[in-house]
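Peer 1: After the structure tokens below, expect a handful of questions from me.
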Amino acid sequence: MAAPEPEAPTPARSRAKDHSPWNWLLFIPIVVPLIPALFNADSPRLFGFPRFYWLQLAWIILGVATTTLVYQMTKKRGDR
Amino acid sequence: MWRDHLTEIIVFTFLFLLVSAMGFVAARWRAPRDMAHLDEWGLGGRNFGGWITWFLVGGDLYTAYTFVAVPALVFGAGAMGFFAVPYTIVIYPMVFLVLCRLWSVSHRHGYVTPADFVRNRFDSPVLALLVAITGIVATMPYIALQLVGIESVLKTMGVTGDNALARHLPIIIAFAILAAYTYQSGLRAPALIAFVKDSLIYIVILVAIIYLPYKLGGWGDIFNAADAKFKASPAPGDGILLNANNQLQYVTLAFGSALALFLYPHSITGVLASRNRDVIKRNMSALPAYSLLLGLIALLGYMAIAAGVKPLPGAKAGSVDSNTVVPLLFDQQFPSWFAGVAYAAIGIGALVPAAIMSIAAANLFTRNIYKEYLKRDASPAQEAQVSKVTSLLVKVGALAFIIFLDPQFSIDLQLIGGVIILQTLPAVALGLYTRWFHRGALIAGWVAGMGMGMWMLYQIANPATGKKHFAGSAFPLSEFGFDTKKTIYVGIVAVLVNLVVAALGTLVLRAAKVTGGVDHTTSDDYFADEGDPRVTPGTDRDADSAREPVA
């Protein structure tokens, strides 16, 4: 497999095609769920759930909202 | 006694046979022109849309073992077991863009495995071989663990025997059926079955989280019962909240596990089978629905505490099999027919990932060992055939793990698996963004990371069970000479060592002017999408997997 290319290979550098300022938002749902100081407590309880549990489950909504927003804002419109 | 569980066994068997039939029919679902091609058998035609991908990848990542082991961990240790929730939240934004690049470059060049990519990116069959072997070794015990998931259910239904053969006969039959339809239908089988599996799981969990708290006095009482249990126990690390010493472990375990998840070959197989980049991005937004499910399932561990469940005895005298707490909870609280449905959900839940994992491992063997070292001119039909046979052997191997060895051995190996698969991160994940690393340095980094990881895992003891080595992934920082009781996840440290060695090695090899080989990919490859020229499956499908882009 993989015959060598006839031409000199171009160095693979990521171009600006995938780049969008919206992508920076993705750091929020990566960093926030990893800060125990935010959620490692019992009070306030919500429907009997200590904060540790309901707040971490709420991060799921944070993750979904952020990725959906980034997807919608970076979606290619029309033809390419 | 199994007679007490007759209704459960009948419901379980009926649903199990139903999905088996679906597995065989799957070969004709979205029928391919020619099944004798790895793109068809091993990647389902590379053409799955949003819904199928969602069920497939969801069914693949959230395995039966997860559904049994995570609540078992919460039952035993409390808050620490909840790491699965942040783990499966941070994963998706993290790989949102990375997987799109992998998809694009793989579709343009016909890559089937991550090792295919590494081989062409870094021009190094040796590095590709390391990635492939790492993938296979990490996946094997994971398949075996799916059997542990099924066994916990069978055990609860009283389907056990006096000798090893009688005890294991049901899972041997189950795996024989699984092997047969995977052989015939390839990735289409788990994709079709995943619909049934996930629907069952969603129903069971919805019922469980509404009905069980009602029976057990409400969520407040459930958490209070758990709190009371952990306060009474002498173990220092448990509790319904984290303590000062295990927060670092919690965070690094969640983050490290997330880094590892999409390096597993079976996760990548699911992603590469999707139709285009949009399908991947939409799925990264929609897959957290499973994380919600997992979080609720984790809390079944507390419900088991509140319901006073006592786990069944384990393989060794005096030990308990904490994996049986969830099946026991269902048995105790649900009417038998619904407990049967719940057991079927777990049992079928084991089949989907087991099938995908065996396909992924077989693809690695075929592409990166067989085709690379044994038969360079293998035709696509031969590749597909080798992969099919290998998938059978992989399942036999996984069965042997469970039948002949203590299941604890598989659990230990899977723990190691997470650490070793992380060592492919620089070559596979960072390789998608940069070719800065030198191939020789990546190999050196892999060796260093592996060595570090193994040494650290070897040092970890658990006084409670009397295990001196490989007793967990929480490494005490005091071993490094720090004056603290804090622990950290082994994988994170190992992959950091790997990265440092790879970076330093790259600088040294560059300075010594050692050739770094030729990059067979171009920057444009990483943005290719469905409909672009030379993106598989294209119209001109001559199946030359390594077709090079024309400059």
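These residue numbers are counts, starting from 1, taken along the chain as shown.
Placed from the backbone N, Cα and C atoms, the Cβ positions cover glycine too.
Just so you know, TrEMBL annotations are computer predictions that nobody has curated.
Take a look at what TrEMBL says about it:
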- B:539-551: compositional bias 'Basic and acidic residues' (COMPBIAS)
- B:524-551: region 'Disordered' (REGION)
- B:6-27: transmembrane segment (TRANSMEM)
- B:48-68: transmembrane segment (TRANSMEM)
- B:74-99: transmembrane segment (TRANSMEM)
- B:126-145: transmembrane segment (TRANSMEM)
- B:165-183: transmembrane segment (TRANSMEM)
- B:195-214: transmembrane segment (TRANSMEM)
- B:250-273: transmembrane segment (TRANSMEM)
- B:285-305: transmembrane segment (TRANSMEM)
- B:386-405: transmembrane segment (TRANSMEM)
- B:411-433: transmembrane segment (TRANSMEM)
- B:440-458: transmembrane segment (TRANSMEM)
- B:488-509: transmembrane segment (TRANSMEM)
Peer 1: Output the single range from B:126-145, B:195-214, B:250-273 maximising the number of Cβ pairs under 8 Å to the transmembrane segment (B:6-27).
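Peer 2: By Cβ pairs under 8 Å, B:195-214 leads among B:126-145, B:195-214, B:250-273.
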Peer 1: Residues of the same chain, at least six outside the transmembrane segment (B:165-183), with any C-beta under 8 angstroms of its C-beta?
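Peer 2: Residues 16, 20, 23-24, 26, 147, 150-151, 154, 159, 189-190, 347, 351, 354-355, 358-359, 388, 391-392, 395-396, 398-399, 402-403.
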Peer 1: Can you tell me which recorded stretch out of B:74-99, B:285-305, B:386-405, B:411-433, B:440-458 has the most Cβ pairs within less than 8 Å of the transmembrane segment (B:126-145)?
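Peer 2: Highest pair count goes to B:411-433.
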Peer 1: Could you check whether the transmembrane segment (B:411-433) packs against the transmembrane segment (B:440-458) - three or more CB pairs closer than 8 Å, residues at least 6 apart in sequence?
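Peer 2: Answer yes: the transmembrane segment (B:411-433) meets the transmembrane segment (B:440-458) with 3 or more Cβ pairs below 8 Å.
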Peer 1: With pairs closer than 6 in sequence left out, are the transmembrane segment (B:285-305) and the transmembrane segment (B:74-99) joined by 3 or more CB pairs under 8 Å?
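Peer 2: When sequence-distant Cβ pairs are counted, the transmembrane segment (B:285-305) touches the transmembrane segment (B:74-99), since at least 3 lie under 8 Å.
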Peer 1: Residue list, the transmembrane segment (B:285-305) vs rest of chain: Cβ under 8 Å, 6 or more residues beyond ends.
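Peer 2: Contacts of the transmembrane segment (B:285-305) (Cβ under 8 Å, skipping residues fewer than 6 from its ends): 50, 54, 57-58, 61-62, 66-67, 70-76, 81-82, 84-85, 88-89, 92, 201-202, 205, 208-209, 212-213, 216, 222-223, 225-226, 229, 240, 325-326, 328-329.
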Peer 1: Sort out the residues at least 6 away from either end of the transmembrane segment (B:195-214), same chain, that have Cβ-Cβ distances under 8 Å to it, and list them.
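Peer 2: Same-chain residues near the transmembrane segment (B:195-214) but 6 or more away: 15, 18-19, 22, 55, 58-59, 67, 222, 293, 296-297, 299-300, 303, 307, 329-330, 333-334, 338, 341-342, 344-345, 348-349, 351-352.
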Peer 1: May I ask for the residues of the chain that lie six or more residues beyond the transmembrane segment (B:250-273) and have a Cβ under 8 Å from a Cβ within it?
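Peer 2: Same-chain residues near the transmembrane segment (B:250-273) but 6 or more away: 42-48, 53, 56-57, 60-61, 79-80, 83-84, 86-88, 90-91, 94-95, 98-99, 102-103, 106-107, 111-114, 135-136, 138-139, 142, 187, 191, 242, 280, 353, 356-357, 359-361, 363-364, 418, 421-422, 424-425, 428-429, 473-474, 488-489, 491-492, 495.
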Peer 1: In terms of Cβ proximity under 8 Å, which residues at least six beyond the ends of the transmembrane segment (B:440-458) contact it?
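Peer 2: Hits for the transmembrane segment (B:440-458): 122, 124, 126-127, 130, 134, 415-416, 419-420, 422-424, 426-427, 469-470, 473, 475, 479, 490-491, 493-495, 497-506, 508-509, 514, 516.
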